[in-house]
Amino acid sequence: MPPSSHANPSRPSRPTARETPADPVPEEQWNIHKETIQDLYIDQKKRLQDVRDTMERDHRFKASKAQYLKQLRHWGISKNTRRDHHAPPVEDEPGDKRQCTRAAADTDSAPELAAPAVNMNISDFNPVVVSAGNGEPQPNVFPSNFDNMTQGGYVPTTGNGYSGSQSQMAMADPQTLPQEYFDDTSLFQPGHWMDQGGNIPLGASSAPGFNLSNAHYASGPMNIITEGNVQSSQHAHPTPGGGVSSCPVSNKLRQPIHQAAQAGNLRSVKFLLKVAPECAQIKGEGDVTPLWIAAQGGYLNIVELLLSYQVDVQVPIADSLRTPIHQAAQEGHFDVVKRLLEAGADHDPRDKNGISPLWSAAQQGYSRIVKLLLDKGASTETASKDGERRPIHQAAQNGHVEVVRVLLEAKAESNPEEQSFNNETPSPFLLAAQNGNVSIGFLLIKRGANKEFAMGSSKRQPIHQATQSGHADFVRLLIDQKVNVDSREEKGWTPLMIAAQEGYLEIVKDLLGAHVNVNAEEKDGATALWIASQQGHIDVVRKLYESGAKIISVNDSKRRPIHQAAQNGHLDMVKYLVNECGEDVNAEDSQKATPLVLASQGEDDKGVEMMEFLHEKGARAII
């Protein structure tokens, strides 16, 4: 086929084959090489390809261009950052279209919340089905369920907050939001967005989960809309320090200075302030100010410029009452937080949910910001209004070891649950157990954390949470600390039953080594062996049986392990129970159902194989 008349013969044709996608690079590897990459890219001003070549040659660190660009954005580094790295805060450089320096984020342990690394939903126990033999299963042995949401104050930097250079606010991604957001239709009306200082899901799961968090905060402020619809006039908003802010209120939803601040365009902001100085303090929809937007975006040069116009550093958003320092702390913009404090910002303001900047920084893992705010006198015990969650809860839940260490060194309570009005508030130690963070567990134990705290009506203890999540190392930590390995939650479940349900053979072995009661029964009479038989975990059943577990039936239904295995299609389990444990193939439950009767209910060939085996072992085809 002849080339197009529009083709440029001097330019080589674009290859049709795509580059093979690079393997994912763990966040900890990026953090190890962060200073080297920053030195090459910012201080030495090397091209990105040269940075890649140097890192691969000298440090054996390999990542694709796309991965580098994504990580540099995550660190708040751009070409603008490199250009202005050594420049005075608010000076122009000729020829630059966008000259704002975004403040470097405090990335000691900061997660990229668009793809949460920590999944806070814990899979619930599957029901132990006790059928009456008439096709009506009766689920039992359930632990309590709660909705799992994190108290928060995270305003995403992609599509939902004031950052980057988008010209229009995007809706929150439905795939990242829990069902509660879809139930609240007001959040998806034009001019609305995800709440500031409200709720951030840290890993929603489709399965019901045992929650260790609290109900989410309801509503959030409206975002500025780009269409510029006329907005009704607003009264001046009281400032946290008393009095009334003198900020003029825009009769439009969005002014040019809001757009320029959001885009990080320093020259545009300078021009607008030159021709209309009063716009430095102008409010948009929801009382948002240019300073608030710049602080959230981490644009230090714009923050400096606005402060030179004596803007009020305390003006909060109308609905959430979050101030610029809330947003800067939440986004990890250390230099912006520091500058706002120098300009007289309150170091410990509270939003409508009782959340402080330190609380938000602790949740996100920004230890430098936490230290800075503590040095200014911020409280370690700020508690959310609804759930009594404190900074140490958020840091422990999200695995931020350094933040937990900093808070404990500042005399934060290691057992804040003892002072909570909400008996469903988990302890930091329980949250660490749930996530299997042994380092945080050790820190809290050294400070006297209650290792056997039982939460609310569920009576769940750290050992239940660590076991259910499959964290063998944390279970061993608790065993070494001599906790009660036979402790029971509300339904009578022991850690051994939970491990048997989930099929965690390693934890089962550790618990057996700690001399648990292998024949303990929950409220309906089921044992760990009975539960594991139902689930088909043959290695667990074998280990339990070899350790002295008895083959028994549950109280009312008279169901035995062989009934459960047959009904659930676990042929190998049935064979083991018959051949090795001596189970009766004609055993009847309370409804006269035998294993063969239950196997006959199956719709696939496994049911036939099951019946053939049982018949060979003497099961009656007619009862």
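Counting starts with 1 at the first residue shown.
Note: Cβ is positioned from N, Cα and C throughout, glycine not excepted.
Whatever TrEMBL says is automated annotation, not expert-curated.
The structure displayed is predicted, hence computed values, not measured ones.
What TrEMBL lists as compositional bias 'Polar residues' is 1-13.
Residues or ranges marked as domain 'Clr5' by TrEMBL: 26-79.
Annotated region 'Disordered' per TrEMBL: 1-30 (among others), in sequence order.
Among the features that TrEMBL reports, region 'Disordered' is placed at 76-108 (among others).
Averaged across the repeat 'ANK' (320-352), pLDDT in this predicted model comes to 97. The repeat 'ANK' feature in TrEMBL is assigned to 320-352 (among others).
Per TrEMBL, repeat 'ANK' is recorded for 353-385 (among others).
The repeat 'ANK' (387-419): residue composition by secondary structure is 20 helix, 0 strand, 13 coil, according to DSSP. Here TrEMBL flags 387-419 (among others) as repeat 'ANK'.
Here TrEMBL flags 458-490 (among others) as repeat 'ANK'.
According to TrEMBL, the repeat 'ANK' annotation covers 491-523 (among others).
Under the heading repeat 'ANK', TrEMBL lists 524-556 (among others).
Here the repeat 'ANK' (557-590) is broken down by DSSP into helix, strand and coil counts: 16 helix, 0 strand, 18 coil. Per TrEMBL, repeat 'ANK' is recorded for 557-590 (among others).
Listed as Cβ neighbours of the repeat 'ANK' (458-490) (distance under 8 Å, sequence separation of 6 or more from its ends, same chain) are residues 122-123, 125, 143-144, 210, 212, 427, 429-430, 432-438, 441-442, 445, 451-452, 496, 498-499, 502, 504, 506-507, 510-511, 513-517, 520, 522. Counted with DSSP, the repeat 'ANK' (320-352) comes out as 17 helix, 1 strand, 15 coil.
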